[in-house]
């Protein structure tokens, strides 16, 4: 632990420990709790819990023997957009699209509020 840091009862490390400093939220995608139920997100992620993947990268239409092929030329998009449309894999390094993680049928994505497909 660094100088001027406390190990609080909730196991968080902070400059001071007081009730408002506790974190009840689980930060996702490598985000860190910064007190009062707020997350500091890693680059490319956002949302109250860092749950939104905002990274952009190439979209691939084919995946064969763990190799991404058929990169869409001139297209850079989010993983959600690629995988919800014609993509089989996304990113650099490429990641296989997990179809079960997208609640909308192919060709649609969740709206900004996350409550309906568009």
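Every residue gets a Cβ built from N, Cα and C, even glycine.
Keep in mind that TrEMBL annotations are predicted by a computer and have not been checked by a curator.
Features as listed in TrEMBL:
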- 23-33: disulfide bond (DISULFID)
- 41-50: disulfide bond (DISULFID)
- 19-51: domain 'EGF-like' (DOMAIN)
- 57-101: domain 'TB' (DOMAIN)
Including all protein chains shown, what's the count of other C-beta atoms within 10 A of the C-beta of residue 41 (disulfide bond)?
20
Give the nonlocal contacts of the domain 'TB' (57-101) in its own chain as ranges (CB under 8 Å, at least six residues past its ends).
107-110
Counting across all protein chains present, how many other Cβ atoms fall within 10 Å of the Cβ of residue 50 (disulfide bond)?
22
At the level of the C-alpha atoms, what whole-angstrom distance separates residue 33 (disulfide bond) and residue 41 (disulfide bond)?
9
Alpha-carbon distance [residue 50 (disulfide bond); residue 23 (disulfide bond)] in Å:
14
Is it possible to list how many residues within the domain 'EGF-like' (19-51) are helical, extended or coil according to DSSP?
3 helix, 6 strand, 24 coil
